[in-house]
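Student: This structure is in structure tokens; I'll ask about it shortly.
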Amino acid sequence: MVSPVTVVKSEGPKLVPFFKATCVYFVLWLPSSSPSWVSALIKCLPIFCLWLFLLAHGVRFLLAHPSASLIFVGLVFSAVGDAFLIWQDHGYFEHGLLMFAVAHILYAAAFGMRPLALRTGLVIGVLSGLCYALLYPGLSGAFTYLVGVYVALISFMGWRAMAGLRLVGAAWRWTELAAGGGALLFILSDLTIALNKFCFPVPYSRALIMSTYYAAQMLIALSAVESREPVGEDYRLSKAD
């Protein structure tokens, strides 16, 4: 098991560009009412930095570990989804929804199906059903089905992220904690989007959505550093190209 102190020392410097790009987004705070390619670039920049964060561990690392590669591709789809959502009021919300749906499928595949953790899945399934029931009165047309499918996909991703989470004992791994925390924050971010769009105005919605979203993506990217595939001895942070 890698200690949190080792994680901070090893991975912290690689995340500096991400933190700087996130600060740029919040400092500039470009108005969402005036979408442009500049605002799309500023919004996507932190995700681009997470691409670089994973690439900093070496292309051979990504090629050797399918879970890390899946998370990287998921980040690519997320950036495309972010760009689409810049123009969501111009008919591109569904496009963004599709991109993030694909990202969640990729993340779920990266987290794997072992252990199964059926009880965790049942709890998440019930909670996601309640969330959809809350959203349902505000949905109409195709969104009635699109949002339902999206809720199912992000809930499945959350289940797989938290299935292997162990907080005590020798089997504890910080990467599983990062995956579980990232999934929870992603669900919170997207639930806020849905409530704000379909149900009622959420105070400070944009700040809440983007802060939880960037934190979620960072944690999910961080979870890829220690591979989930057994390759001889456990993969350690010292491995780099």
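Just so it is clear, glycine is given a Cβ too, placed from its N, Cα and C backbone atoms.
The topological domain 'Cytoplasmic' annotation in Swiss-Prot covers 1-13, 60-67, 114-119, 160-176, 226-241. Annotation source Swiss-Prot lists transmembrane segment at 14-30, 37-59, 68-87, 97-113, 120-136, 143-159, 177-195, 207-225, citing sequence analysis. As annotated by Swiss-Prot, topological domain 'Extracellular' applies to 31-36, 88-96, 137-142, 196-206, with the evidence given as a curator's inference.
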Student: Could you give the residue numbers and ranges of same-chain residues that sit at least 6 residues beyond the transmembrane segment (143-159) on either side and whose C-beta is under 8 angstroms from one of its C-beta atoms?
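Tutor: Same-chain residues near the transmembrane segment (143-159) but 6 or more away: 94, 97, 100-101, 104-105, 107-108, 111, 117, 120-121, 124-125, 127-128, 131-132, 135-136, 183-184, 186-187, 190, 194, 198.
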Student: So what's the mean pLDDT when you look at the topological domain 'Extracellular' (196-206)?
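Tutor: The answer is 97, the mean pLDDT of the model over that range.
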Student: Before we move on, state whether the transmembrane segment (68-87) and the transmembrane segment (37-59) share at least 3 Cβ pairs under 8 Å, counting only pairs 6 or more apart in sequence.
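Tutor: Judged by the Cβ rule, the two regions touch, with the required three close pairs present.
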Student: Can you work out which residues elsewhere in the same chain, 6+ from the ends of the transmembrane segment (207-225), have a Cβ less than 8 Å from its Cβ atoms?
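Tutor: Cβ under 8 Å, 6 or more out: 7, 11, 15, 18, 22, 25-26, 46-47, 50, 53-54, 57, 65, 67-68, 71-72, 74-75, 78, 107, 110, 161, 175-176, 178-179, 181-186, 188-189, 192-193, 196, 237.
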